[in-house]
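Novice: One structure, pasted below without further comment.
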Amino acid sequence: MSFLIRSICFLILIPSFLITFVSATQHLCHSDQKDALLDFKNEFGMVDSKSWVNKSDCCSWDGITCDAKSGNVIGLDLSSIFLYGQLKSNSSLFKLRHLRDLNLANNNFNNSPIPAEFDKLTGLERLDLSQSSLSGQIPINLLQLTKLVSLDLSSSDFFGDESFHYLSIDKSFLPLLARNLRNLRELDMSYVKISSEIPEEFSNIRSLRSLNLNGCNLFGEFPSSILLIPNLQSIDLGNNPNLRGNLPVFHENNSLLKLTILYTSFSGAIPDSISSLKNLTSLTLSVSYFSGKIPFSLGNLSHLSHLSLSSNNLIGEIPSSIGNLNQLTNFYVGGNKLSGNLPATLSNLTKLNTISLSSNQFTGSLPPSISQLSKLKFFFADDNPFIGAILSPLLKIPSLTRIHLSYNQLNDLVGIENIFMLPNLETFYIYHYNYTKVRPLDLNVFSSLKQLGTLYISRIPISTTNITSDFPSNLEYLSLRSCNITDFPEFIRKGRNLQILDLSNNKIKGQVPDWLWRMPTLNSVDLSNNSLSGFHVSVKASPESQLTSVDLSSNAFQGPLFLPSKSLRYFSGSNNNFTGKIPRSICGLSSLEILDLSNNNLNGSLPWCLETLMSSLSDLDLRNNSLSGSLPEIFMNATKLRSLDVSHNRMEGKLPGSLTGCSSLEVLNVGSNRINDMFPFELNSLQKLQVLVLHSNKFHGTLHNVDGVWFGFPQLQIIDVSHNDFFGILPSDYFMNWTAMSSKKDNNIEPEYIQNPSVYGSSLGYYTSLVLMSKGVSMEMERVLTIYTAIDLSGNQLHGKIPDSIGLLKELRILNMSSNGFTGHIPSSLANLKNLESLDISQNNISGEIPPELGTLSSLAWINVSHNQLVGSIPQGTQFQRQKCSSYEGNPGLNGPSLENVCGHIKESTPTQTEPLETKEEEEEESFSWIAAGLGFAPGVVFGLAMGYIVVSYKHQWFMKTFGRSKQQNTRTR
């Protein structure tokens, strides 16, 4: 009976038990969390989330993870689902209080800030907001999420796009992060604008396994102790050029798998203890300042597959132990000072895919055993003094797809006739220093290479006749520059896929064939520096043409200007003999960005229709023509215009007021015209203006705003208003607000040129050129360094004292205030200009002594104080002793032993005209004297390598021809 009762009770309880069991296994999500998710869906219009419907259990929805016991939503993965819109502080997302894992990566939150309300999600362990177009300052509240083990706030560089909005942090963020997030294992803040030092406390996050601080604008000394965190497996400090540091002595218990230090200011030796990183698979120590030898112990890193030591200051030979790295696939050591022969052990690296040896001092030939690298695809050995038959061993590696052998000292191209043995070759670069030592190259050797897409040959004589019909038709890029070609290569017309053609720096004469402009895929042509004289008579711009870049500069073209395509973005016809007016058809080039028609014989006025180009134009160079009339009012919408040069023409009238619309303008040059106007103070609204040249016009009035407004122009680095009719007294605080010339430059940053880097079909960029008076002579700079600073007020009617505030311009390198009516004393504040290289205050009425403090200016290579009323001794400084006597003449009151050392027995002199022969000798002496002073005398070259860059760009014959004897005489007599 009892058994029966128990059985009945059991049967009665079964349904209740089953109901309880089913309830426990269904894990129905809570209604409030379902509602929050649906509200979030509506906030962003998630059209692709078909599973997100009210009738189903949200735990089964795509991207949702629920807790098995409670049914709470603990995971939300909405990465890469094209969310678009503002992530707002009242978002229903923040109602999901049980979240542990949240991934919103790769969406577009439309530059909205990260809401502080994330701190409500106190259970978060993983948060990924990467690549989601968030901007603004990261809220400090985020650091209250103390359970975080993974935090990803990274974004991308977008190639330096200034319009891109980055995330940023305040100074307290990193120290607080190090204190609060002690459980953190993964931190990625790449391209967050940190803009600070990394605190030492980071080394206390002992759980840290992965740290990515790429592109964070870090500076200061990086704590090396962070590299010694025992659990750290990956660290990336790349693209922080102002971040200093050294590699520590590594310990055996290090867990590093990947170490990336790229484009930083890290320095010092690579320690022998690098061999302690037994598990390392990727080592990148590139574009920094590491020095010394590659340690032999590096060969102990048996798991290493990627090794990059490029662009440092490493010396010595590649150690033979490198052959022990049998897992290595990529090997980069280019851009160092490595020397000697390549080790034969390189042949042991049978998994190698890439070798880069470029820009070193390697000698000898390639080891024959390198032909055993059967998986090698990319071989770069440019710019080394290799000799001998370097090609021969490479021709035995059929896997090769890319070979760069430019800038080597090959005795000959031995073996190139066997290049057909590389059937997979896609890219071939070869350049020779001295093509007179190389036999002519027959282009037919490339005819069997059906995969060849890029062929770059330079400074090797070639013959373009008798080219076979099966010449590689898949070529997309063909460069035959400096190859001694005399006739236009006919075989090119067979290139049905050709996109880029470079025939520059040859001796091609005659006319450009009409078929060139009809090639359907061609988008870039460079025919510069040849002897071409015209175009086929029937040629017209083809409406089907895809040409975006054409360079016809430095030829013998004459007659009307020819425009081969309506899709041009870059066009240069400079240094020819084009005549006539600028054709109105140019106004139809709606995509034109760079137009250079300088140094021709174009005449007439600028067509008003150029206004249609102003929305796209970035560089307009019309200098040295015969253009006339006024500059038209066409610039109001020229917001992209970076450089405008109409110098050395016959322009007249006033400067157009619409220039204030050129908000991106960096260079304005209207020198050597007939413009009659007052100083354009209204242009101080152009916050990017770096170069302003108004010389040799009819400008008049004062150089300071009588309304008391500051001079402005915060970025101005070069101003030349010489040889005009400016008058008046410069106020004592005149130079007070010249920010770019007074702010200290970072000496660790490599000097750059003022340029537009985006020249289509060219890697060289489009550089700003300029003619300036420096050290007594006119000079043409084909490229202008951004650190170059100059003021030229000479040849006006300025008077009064030279303002003491001139001493604030600590970055000033050239100062010319000659041929005015300045009075008073030479301001002693000039001694503050430690970078000053050229000082000309001649032809004034300045009195008193030369301040002895100027003798401390070790950079001052050229001085002219002649024809004033100076008295006393010249300073004792070496620079003053090295000047010519003419630098002091016309000052009867100057005396003393220092002057006698320079001039011997002193005779009073007056500025008179001299014989033509004497003038010619003097101008040449003067020209070369400042070059000698700037380069040959070490204390005068604080400018260092940067000044060298400028000097190599000077065209002595050109500016002597253009600004020769009469210019020199005028300078002396004023």
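Here the Cβ of each residue, glycine as well, is placed from N, Cα and C on the backbone.
Keep in mind it's a predicted model, so treat the numbers as computed, not measured.
Okay, these came from Swiss-Prot:
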- Asn54: N-linked glycosylation site (CARBOHYD)
- Asn90: N-linked glycosylation site (CARBOHYD)
- Asn279: N-linked glycosylation site (CARBOHYD)
- Asn348: N-linked glycosylation site (CARBOHYD)
- Asn434: N-linked glycosylation site (CARBOHYD)
- Asn529: N-linked glycosylation site (CARBOHYD)
- Asn577: N-linked glycosylation site (CARBOHYD)
- Asn603: N-linked glycosylation site (CARBOHYD)
- Asn624: N-linked glycosylation site (CARBOHYD)
- Asn637: N-linked glycosylation site (CARBOHYD)
- Asn845: N-linked glycosylation site (CARBOHYD)
- Asn864: N-linked glycosylation site (CARBOHYD)
- 899-923: region 'Disordered' (REGION)
- 96-120: repeat 'LRR 1' (REPEAT)
- 147-166: repeat 'LRR 3' (REPEAT)
- 302-325: repeat 'LRR 9' (REPEAT)
- 350-373: repeat 'LRR 11' (REPEAT)
- 397-422: repeat 'LRR 13' (REPEAT)
- 572-589: repeat 'LRR 20' (REPEAT)
- 639-662: repeat 'LRR 23' (REPEAT)
- 687-712: repeat 'LRR 25' (REPEAT)
- 713-737: repeat 'LRR 26' (REPEAT)
- 810-833: repeat 'LRR 28' (REPEAT)
- 834-857: repeat 'LRR 29' (REPEAT)
- 859-882: repeat 'LRR 30' (REPEAT)
- 1-24: signal peptide (SIGNAL)
- 952-974: topological domain 'Cytoplasmic' (TOPO_DOM)
- 931-951: transmembrane segment (TRANSMEM)
Novice: I need the CA-to-CA distance for Asn577 (N-linked glycosylation site) versus Asn279 (N-linked glycosylation site), whole Å please.
Specialist: 66
Novice: According to DSSP, does Asn90 (N-linked glycosylation site) fall in a helix, a strand, or coil?
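Specialist: Looking at the DSSP assignment, Asn90 (N-linked glycosylation site) belongs to neither helix nor strand, so coil.
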Novice: If you draw a 10 Å sphere on the Cβ of Asn845 (N-linked glycosylation site), how many other Cβ atoms land inside?
Specialist: 13
Novice: For Asn603 (N-linked glycosylation site), name the DSSP secondary structure in the helix/strand/coil scheme.
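Specialist: In the DSSP reduction, Asn603 (N-linked glycosylation site) maps to strand.
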Novice: Give the nonlocal contacts of the repeat 'LRR 13' (397-422) in its own chain as ranges (CB under 8 Å, at least six residues past its ends).
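Specialist: Tertiary neighbours of the repeat 'LRR 13' (397-422) are 358, 370-371, 373-391, 428-434, 437-439, 441-442, 445-446, 448-449, 451, 456, 458, 460.
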Novice: Tell me the Cβ neighbour count for Asn864 (N-linked glycosylation site), meaning other Cβ atoms within 10 Å of its Cβ, over all protein chains shown.
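Specialist: So the number of other Cβ atoms within 10 Å of Asn864 (N-linked glycosylation site) is 23.
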Novice: Going by C-alpha distance, which of the glycosylation sites Asn54, Asn279, Asn864 is nearest to Asn637 (N-linked glycosylation site)?
Specialist: Asn864
Novice: Where, among 302-325, 713-737, 810-833, do we find the most CB pairs under 8 A to the repeat 'LRR 30' (859-882)?
Specialist: 810-833
Novice: Give the helix, strand or coil assignment DSSP yields for Asn348 (N-linked glycosylation site).
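Specialist: The three-state answer is helix.
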Novice: Going by DSSP, how much of the repeat 'LRR 1' (96-120) is helix, how much is strand and how much is coil, in residues?
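Specialist: Result for the repeat 'LRR 1' (96-120), in helix, strand, coil order: 5 helix, 5 strand, 15 coil.
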Novice: Do you know the DSSP helix, strand and coil residue counts for the repeat 'LRR 20' (572-589)?
Specialist: 5 helix, 6 strand, 7 coil
Novice: Taking a Cβ cut-off under 8 Å, which residues six or more beyond the ends of the repeat 'LRR 26' (713-737) line up next to it in the same chain?
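Specialist: For the repeat 'LRR 26' (713-737), the far contacts come to 666, 671, 679, 683-684, 686-704, 770, 772-773, 784, 786, 788-806, 808-809, 816.
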Novice: Here are some glycosylation sites: Asn54, Asn90, Asn529, Asn637. Which one has the most Cβ atoms within 10 Å of its Cβ?
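Specialist: Result for the most crowded candidate: Asn529.
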